[in-house]
Every structure is written in structure tokens, then in C-alpha cells.
Amino acid sequence: MAAVMNLAGAFLGSGVAKTVSKGLISTPEGNKGMGILFAALVGAIIWNLVTWYFGLPSSSSHALFGGMVGAALAGGTTVYWSGVLDKVVIPMFISPVIGLVVGYLVMCAILWLFRKSNPHKAKRGFRIAQTVSAAGMALGHGLQDAQKTMGIVVMALTIADVQSAGDEIPIWVKFACAAMLSLGTYAGGWRIMRTLGRKIIELDPPQGFAAEATGASIMFGSSFLFQAPISTTHVITSAIMGVGATKRVNAVRWGVAKNIILGWFITMPAAALVAAVSYFLVRLFFG
């Protein structure tokens, strides 16, 4: 189900893709432009591999944005700092706070509304409701993450002079990006989210519903209202923390949470540095 909803979510809009393709850096031209884009992707990929190898938490989205900024600076391409600030940095700080607070409030509301209900019946009901909330989360994941990839592909097509910057996203690009995200989810990517949840706190069905509903709402709001690309990992992690805090504050493994938050802060600058070095190496070996 998650894979299908990922696929569907990718076709719900294009605002995030437009932000990624032309709202963060000026589209570079020619061979130099391809070198910058290649270095940006290499920076993001290498940093993701480093964090995976050492078991460090990070956001692939912010690794990508950091890679774009680092490669653009190294290549002398204009960085739209207002766009980076408004669409990436501010949401990076605000979305986890919103996830934490809203997750806490939603769970408090659930506890109050069902305070007189039979716990076993309530859990059975929320287990069914989680089908809807998980579907919404997967739909939001597709809406956010597939569009980030679309933005990169569109930038590559523009650099290659296959299409103009103002053209609509080709349907084949949408389908290809949606299919790849869906395939990755089907292959096991969605289990990462569940594992992440268990590392922070064990979630019962009502808590899982609250966290997923919160995460889905934030991702939809960010996409449709602000066209801001946010991190799915940031949002669901913070929502889980907020939901878990209603049980008791020390039920949340704050040590794990601290490491995750630290990973968030270092991802963008680290990926930017790797991308800048990658660009210089590309220029050195390929001219």
C-alpha cells in the first residue's frame, strides 16, 4: 500500500519540484552546469553513504540541498540565499518543532476523547485507523520526495537545453521519479521509518495513528501552502517524540533523539563541503 500511495502522491503537485529546480540556485549552463549538478549529487550521495556506514542519522533531502549549494558556490553559480533560507533553512528548524508540538497535542486529544473507552477495543479501532494514517503518510512522502528528484531531473534537462526553465515537468519525468520512489519503498524503504520509530519509543496503534496523521498533515501543508521541500525523516521523528512525551517524558529515548537532531544540523554543511570538493575534482580531471 505504501508503494502505491508513494506513486500516487508524486502526481499531486509540482510546487516542490519547481522550488528545487529554480528556487535555490541559478540554473548553470553547458558542461560547467552539468559538472555542478554532478558534484551536487555526488556530495549528497557520499554524505549519505558516510552516515549510513557509521550509523549516523541524516536527511537525504538536506544532503541534496547542501550538495547543491556547495557545488554552486564552488562553480561560481548564483545561490538564491533568500530561497535557501525561506524554503530550506527555516522549514528545517520549524517543521520538527511543529511536528513535536502537534504530535503531542493530537495524542493528548486522543487520550482525552477515549479516556472512558475499553483500551483493547480502542487499540483495535486505531489499528484499522492506522491504515488511513499510514496511507496519508505515504501519500505525503510521495508528494515531497518524488518532487525533489523531479526538480533535479528538470534542472539537468534545462542545462542540456532539452527544455526551457519555464516549461511544465514532462509526464515521463513525473512517472520515472514516482516509480523509482515507489520501487524503493516496496523494496524496504518504508521499514526504515518503522525502525526509526522503535528506536525512539515503542508505539502502540493510537500513538502510531497520531504520529502518522501529524506527519502527513505537515507534509501536505508544506507542499501545497508553501511549496517548501521538507524532510520526511525530520517530520515523522519529531512527531514520534511529541506523541511519546504524552506517555511520560522519559519514555522517549532522548539520547537517540539528540543524536538524530545533531545529524540534522551537520548534514547540509557537510554535504556542501563534499560537493565543493567533488566539483574541484571534476574540473581537475575533466576540465
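Residue numbers in this text run from 1 along the chain shown.
Positions of Cβ are set from backbone N, Cα and C atoms, glycine also.
Per TrEMBL, transmembrane segment is recorded for 33-56 (among others).
Outside the transmembrane segment (63-82) by six or more residues, the chain places 23-26, 28, 32-33, 35-37, 39-44, 47-48, 88, 148, 152, 229, 267-276, 278-280 with a CB less than 8 A from a CB of the stretch. Look at TrEMBL and you will find 63-82 (among others) tagged as transmembrane segment.
The transmembrane segment annotation in TrEMBL covers 88-114 (among others).
Here the transmembrane segment (261-282) has Cβ contacts under 8 Å with residues 35-36, 38-40, 42-44, 46-47, 51, 56-59, 62-71, 73-75, 88, 92, 96, 231, 234 of the same chain, all six or more residues outside its ends. Summarising the annotation, TrEMBL assigns transmembrane segment to 261-282 (among others).
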